[in-house]
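For reference, the structure is listed below as structure tokens.
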Amino acid sequence: MQSREIRSFTGLRALALWGVILYHLYPHIIRGGYLGVVIFFVLSGYLLMVQHLTGSKGDPLQKFKKQYIKLTPPLLFVVTITLIFAALFFREDFHDVLYSGIAAVLGVNNWQQIFRGLSYFDLHGKFLPFTHFWALSAQIQFYLIWAILRKFFGDHREKFALSLAVTGILSLFLMTGMKPFMDDATRIYYGTDTRFFSFAVGALAGMMGCKGSFNKPQKNKSNLAALLIAVMLLCFLVFKEGSFLYFGGMLLFTLAMCLLLLITARDDNRAAKALDNPVLRYFGTRSYELYLWQYPVMLVFQQLFSHAALSYHLVVLLQMPVLFALGEGTYRLFGTPRKKQITRISLALFLLLGIIGGILIPTPKENEMERARLEALAAQKREEERQKAEAKNAELSEPIREINEKWPELKLTAKDLKTLENRDGIMIGDSITEMTAVNIENLLPNFTVSGKKNRQMVHAKELLDSYDLSSLSADAPIVIQLGTNSDFNQKVLDELLDDCGDHPVFLMTTAIPDPWEASVNDKFKEEAKSRSNVHIIDWYSIAKEHEELFIKDHTHPKGLGMDLFAQTVAKHMLPPKKEVKKPAPKQEEKKRGLKALFQKKGEPRQAGEEQG
């Protein structure tokens with residue numbers, strides 16, 4: 001993401017960087033921040049075309065080699081340091097991190113993630129610090145495509161422009177053509193073939209800029225540029241990833257950014273001068289180094305503070321000085337032309353990377369072993385629970401006794417278990433419900449429990465509509481355990497609750513290391529205040545500070561945590577106890593007085609009567 005500098009473009013690069021950073025930190029607020037990557041692609045295409053038309057020609061494949069070598073040393077440095085950290089503190093994730101890092105250095109990280117089925121929009125709780133390198137790999141591949149097109153058509157300006165236009169149009173058609181056949185857009189979002197059009201359109205804009213038609217002073221340049229910058233920032237806030245993005249949305253944003261580049265390429269307007277301010281210039285010149293470090297730093301801090309009673313915003317503030325220090329250090333080390341030193345450092349880092357891989361690759365994947373162990377335990381547990389159910393064993397199981405002792409507010413008795421056996425209801429959840437379904441059904445055998453990986457609040461209404469609520473008893477509860485995978489619109493939750501009718505509804509708070517945790521929980525609590533039939537199951541308060549209850553993603557419970565999750569749900573499903581109304585004290589007194597009045601003198605009092 002480094003190119004020949006135009007001063008106003010440095011400011012745009014800084015805005016693009018912060019769009020991406022804030023999207024990573026607050027995806028539920030800066031919903032379109034990922035579009036900053038589109039700006040990087042457009043900028044690269046524009047500047048490469050300017051260099052091609054105004055600079056020395058040379059062999060395009062040799063130039064590609066130089067571009068790759070220029071990008072690699074800082075990348076190698078970040079990958080190596082992160083791998084050392086992962087080997088020391090996240091050993092169970094090390095192999096996934098290693099393969100991802102190697103793919104990034106080779107410039108194929110985006111395809112590695114495609115083949116692994118990793119979605120850029122669903123990575124919460126996972127230690128995958130090189131996820132964002134997909135964009136860097138795609139850009140390296142764009143440089144290669146550019147070099148090949150230049151090799152064949154570079155000497156003929158019109159043919160070269162036509163080849164870029166045709167390739168860009170094919171890329172756009174691929175993106176829009178593939179989307180209807182794919183529920184998961186990972187292949188489209190990461191694909192070199194489906195994302196090349198932004199780079200190509202940027203290059204064609206660069207050709208227009210070199211012609212000079214946009215270089216003439218125009219009265220409305222500043223106003224139009226200001227409007228385009230406002231549109232860009234608005235898109236960062238509201239342009240959530242969805243179908244429209246692939247059916248014209250990304251193209252429109254690309255065209256708008258090309259127009260902005262054409263207007264601000266010269267400093268003859270106020271917008272261009274505003275973009276060339278010291279703050280934006282600082283971040284723009286270090287955008288590559290800060291981009292490399294931001295995601296690993298964010299994930300490390302999320303892992304460290306996942307169960308701390310600290311505000312997420314405070315955790316974000318704590319990581320900023322670390323990010324700036326690492327970015328500045330990497331910039332000073334690699335951002336200045338010291339060819340021999342950089343070559344030596346790169347060779348040393350590559351050697352170190354090989355040593356780390358050689359030592360640790362033969363080691364069995366601990367996370368896979370742990371997953372297999374948990375699956376075996378789950379199978380064993382299912383068999384044990386089946387045997388218990390068949391024997392109708394009324395005794396409390398060991399997990400229930402342990403939970404009763406450690407969390408007395410969740411205490412269940414044998415009588416409670418008998419009551420819960422006949423309790424009907426529905427529970428709709430995501431992967432947490434999916435993995436604890438056996439535990440829940442053991443305590444609530446008449447419940448319909450539906451959990452599915454990646455399920456979000458927007459999916460719950462359709463699922464609820466598929467159930468026949470009239471077949472449930474009038475007081476049958478409906479439990480909603482969603483919000484793990486993303487935040488949601490209040491309107492979506494309101495519509496879901498309206499569909500629940502008069503049934504008691506229980507909303508389960510989240511305990512996750514993600515920025516939308518508080519937002520989800522606050523929405524649930526607001527609904528409980530405003531609706532008499534809505535109640536809270538506060539999983540957050542019960543589990544948040546108990547790291548030992550969760551697997552390494554700090555989201556999904558394990559072992560006792562799974563039993564605790566199920567018992568937390570079951571405890572809230574007990575019908576409310578009916579209060580026995582006692583007679584008022586004055587009425588009791590009156591009864592005793594009348595009884596004493598009519599009692600025969602000398603007649604013995606009944607046992608238990610007071611002496612008056």
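Even glycines carry a Cβ here, placed using N, Cα and C.
Matching 96-118, 188-210, 280-302 against TrEMBL, the residues noted as transmembrane segment span 188-210. For the transmembrane segment (188-210), the list of distant contacts is 38, 41-50, 53-54, 110-111, 113-114, 120-121, 134, 138-139, 141-142, 145-146, 157, 161, 164-165, 167-172, 174-175, 178-179, 182, 241, 246, 250-251, 254-255, 257-259, 261-262, 265: same-chain residues at least six beyond its ends, Cβ to Cβ under 8 Å. Long-range Cβ contacts of the transmembrane segment (222-239) within its own chain (Cβ-Cβ under 8 Å, at least 6 residues beyond either end) map to 15, 19, 22-23, 29-33, 35-36, 39, 245, 249, 253, 256-257, 259-260, 263-264, 269-272.
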